[in-house]
Amino acid sequence: MTEWPCLVLPYDKRYTVVWLSPATVRMVSNNGPPLPMPMQVPPGHMVQQIVDENGILTHVILSPQPPGMPPGPPMTVGYYGGPNGTPQQMYPSYNHQGYPPYAAQYPHHHAQPPHMHTMGTPHHLHTTPPPNQTCNSHTHSHIHTGTPHSHSPNEDGRKQRQKQRLQEKLQKRRETANYYCGQNHTQHAMSPRKANNLNGDTRKGEVQSGNSSSDDGQEVEEERKKIKQLLGEMSQPTVSNVESRSALICLSPPEFGHNHDIQSADFKYELQLSEKKDSKFKPVYNGEATEITLKDLRPCTEFFLKVSCIWNGIKGEPTEPISFKTDPCEPDPPPVPKLVSKSKTWLLVKWNAAADNGSRISSYFLEYDKGLGEHHFVEVYSGLPSLRQYKVTKLNASTRYLFRLAASNALGKSKYSETVCFYTSGSVPSQPDPPMCSEQFVKALTISWIRRPNDDEFTLQMEDVATGHGFLNVYNGQDLSYRIRNLRRNTEYKFRLQSSNEEGSSKWSDIVCYHTLPDRPSPPTKLQLKGKIHSHSFRVIWEPPRDNGGAEITNYILQIGDGCSYCTKHSGIDREYSCDDAQPGTTYHVHVACISAGGQSDWCDPLSITTQPVVPGPCLSPKLHGKPKATSLHLRWAPPSYEGGDAVSEYDVIMTNPDNTTREVYRGRECECVVAGLLPGRPYLFQVRPINKAGAGPWSDSLEVVSGPGVPDPPKMPAVSCRSPHCATITWEEPVNNGARITDYRLEWQQRTDTEFVQLYCGSALSYEVKGTLNPATSYSFRVQALNSAGAGPFSAIATCMTPPSSPGPVMSVRASATATSIHLVWKEPLNNGSPILSYNINVGEKLVMSVDNILDYVIDDLVPETTYRIRVQAVNEIGVGAFSSPVKVATHSLPPSPPSIECISMGSNTLKLKWGDGKNPDMVDYCLEMLRDNGSFHPIYHGRGQSHKVNKLNELTDYQFRIYAINEAGHGPHSDIYTFSTTKAPPPPVKSPHVCDIQLDSCTVEWPMIKPMGQDPILYTVQIQRLSAREHEYKQVYHGADTRCLIDRLLPQTDYQVRVCAVRQSVEEKGEHLTGAYSPGVRFVTLSPKPASTSTSETSTTSLTARIHEAPSLTDQQWAIIILIVFALCAVVIAILAQQIIAYTNGGGSFGAGSPSAGTTLIPDGSSKQ
């Protein structure tokens, strides 16, 4: 609901009737207190009855928001021009369809009445819209909510008690207003007869409320006076940041105590400003802000300021005026210089004084352009402010000069004044050249001429011989060309030109003659067909145009086309044409134009002609689609290259059997058919012909096809023979081929019973030898199938075999730990390959040290310190010895090692990866890596046996120093030399997920958060997009720049896209170097689909819902993986619960859940229970 424009009328000094839309209002006048009146309003309207503190009853009729009536605009604040300037005051601006604010016309109405009778939803009546304060776009114009000031310990106790009583009365008054709202809503539901009784002698309900309102009027008035008194106790404003043209005003809200519901945010403030303390103050601001910046003040001027506080329409007394003075500044731009007198060689220029803005003007600066243009100003005079004129000499005659002026004082130099143009005197211009004709038209001529240095104005005269009036003026001005209109076509006119300046006019130029052009003729008429239309020819004729444009027709052009494009077939003076190369059954469009000296006419209306059709041409021989089957095949053919001028209506297909009999197998409109009922492996011939309205065309060439064979029978069970533990031979016999030669055999095997068969061999041989892929003492299964041109036949019966045992496999995972004189070996048991392992052989170097029993560890003693040994282990079973393990090199302990050299293998912006040694550490030496800190001492950052370490949390482009030493059982060695390495620049951080908005049919807007600049290097952004609907796997770059938003266009409607953004750091020091950051997570969106035309709202909603269902994107592989993982997790939880219940049931010997005592049962140590 929205307020309508209203009209307020006083009635009997007691009531004020307000209507906001057409309604029937019955007004009642009583000498007693105001009573709610029943109102008759149109359907859909609402009534509000308001009683203010003066006892005035106001009826407000509300209706729905009318179409085309926008809400009132927010408050705007203008500039303060000063008391003596233009009255540009900072008032709130209300413009609601041309109706002024109510409070401005009727001051006795308040913004929010203390009590109101409301029927319907509440509305803001007689209140201004919430202001959107702006003060010259300054940041201090926003509302700053300040905390209330603490009470002074010397505050009068009587004021505190008065405030407490005031709050209690306000609360009581609100409860009374709420009661009136309920009574008024009930009364509006009454009938008109009951309403009349209500206004008669019998007064119920609302009469008592009216009396109560009249009694409380005086109390409310007292309350308003107390509130106004408290608002007038507001502290004076503070003025800071005073500059030459601006000042910051800070306000403090008045104090209302802690036990009230009046918040400081509910206050409004009115600022009044004046340049004299005793003169009239003018309002410059009205709003809720506590910090206001006044701009456009007069420099070096003393201002007086006072503030009033407003709450709920109650305005307190203003504060005492405070004064502040703005600072002086540079002068204002001077007025434009004026020309006093001139000659051919000098100009006398004079100017008025400029405003000094509080500091006396010290000098003026006069500049001119030397006649070269406004970009080449040079200073010609600089002097005292008392001399405000200057004579510029040594100038050229009849020359244009530009001047500008500036002033300066002790605080700076002003801006230059506006540029002014002055001319020196000259001589009378000489006789000009004859005017030229630059453009010719049918009814107009464009005459142009050349300007000379001493020409100011031109006069052009024209003579029309047909009229006999002689030369008449047609133009007088400074332009260099003029178009003369409303002339006759194909007519000769005479022209002459005269130039003038301040010194006088020149002689007339020589007379020249120019012609207007003839007009274009109208199109030819009566284009028609002559004679009968044949399959390959027709004849047309036409008549001359009605208007030849003032010139004779010299040529006719005839064009023939298909309605969109035409080609010229005839050009000449003849008005008849015969077309002999027409195509049968084709529609031709013919139009004609004529040509004269005025040009070519428009084309006449086209004439449509359709020739007679003929029988179509032959089709190509039909083609076989797919492989022929044993009993059927699929044929396809192309339409004929020539249809005879009419569309083919159907096709006829015949088949010739192996016994030379012929039958029709298809007749229809399609260009394909399936022929069934064939015999396998038989040859057949097929022909096709097209048919149209003119008849059947010739038969096509024959296609010979042999029907397909059948699949072969399954082979017999293959025979398998194992030649060794790792080799086996499989053989099989050829099965029946069923009409087609067997091309391949497919052999499959199964390594374990719990796995599926996999292909082992595919070829034409009848046997296959498996080598190297078999394991000893293992069972294998084999099967085979035959393949021919018809497909793969069934598999044979499964054949199984068991490979014999062999020597053990190589020993794996040999580990060694050395001391000074011994080596401890540990290994894992290898595969026995069907025969148990009996012992192990240990080889040290090239000599066999010993053979040990079936154990998995052994200690080799009596070794030489600081010596490297090469050790291998070998397993032995009944079949023989296995292969040696991979050699293990072990070195006995030595003296404390020397430090290795350090090298940096990778450098990052905040990381350095260091490496030392040769990558091998057989002696198990520990290393301690140290780094130099800011305090000048080295601290360890790594201790271990590794030979590389990555140092993190470093600063970019910074040098760091490192050193290292080695440690073994003998102790730690000396420190190495100090190595210095530097970090590189850091790539930009990844961008957060972008936001896609303003999605249209073929475009959208992508926005993303900005990344802070990294040092002096600017940050660019790269936007890539991927279309998901087309299964594209690559992103395409659509934007690269510094903005944080971009518009992506040329998108496909109703298409699923994914967009991502990355940041690029552009190096300032090294040009051309770019560091690209990680891409943001991809954001998916769907472009809008075109809205289909619909006749009802239900069809539109159904179509929109269907479109949304079809536009739902399919799940990605990652989403499916997450769903499957969740399902497995839920299944695991259910299985665990079931297993726990089964275990409990088994241990307790009862049903599920019987293992734990029920509620209320106490367990006794002897195993019994007690309730």
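Heads up, the Cβ atoms here are built off N, Cα and C, so glycines get one too.
What TrEMBL records for 108-223 is region 'Disordered'.
Positions annotated as compositional bias 'Low complexity' by TrEMBL: 113-122.
For 152-176, the entry in TrEMBL reads compositional bias 'Basic and acidic residues'.
Per TrEMBL, the feature compositional bias 'Polar residues' maps to 181-200.
Annotation source TrEMBL lists domain 'Fibronectin type-III' at 233-329 (among others).
Across the domain 'Fibronectin type-III' (333-427), the model assigns an average pLDDT of 89. Under the heading domain 'Fibronectin type-III', TrEMBL lists 333-427 (among others).
Taken from TrEMBL, the feature domain 'Fibronectin type-III' applies to 431-519 (among others).
If you look up TrEMBL, you'll see 523-614 (among others) marked as domain 'Fibronectin type-III'.
Marked as domain 'Fibronectin type-III' by TrEMBL: 618-710 (among others).
According to TrEMBL, the domain 'Fibronectin type-III' annotation covers 714-806 (among others). Under DSSP, residues within the domain 'Fibronectin type-III' (714-806) fall into helix, strand and coil as 0 helix, 45 strand, 48 coil.
Look at TrEMBL and you will find 807-897 (among others) tagged as domain 'Fibronectin type-III'. Helix, strand and coil content of the domain 'Fibronectin type-III' (807-897), in residues and according to DSSP, is 0 helix, 46 strand, 45 coil.
Residues or ranges marked as domain 'Fibronectin type-III' by TrEMBL: 898-987 (among others).
TrEMBL lists 990-1090 (among others) with the feature domain 'Fibronectin type-III'.
Per TrEMBL, transmembrane segment is recorded for 1120-1139.
Counting residues of the domain 'Fibronectin type-III' (233-329) by DSSP class, helix then strand then coil, yields 3 helix, 40 strand, 54 coil.
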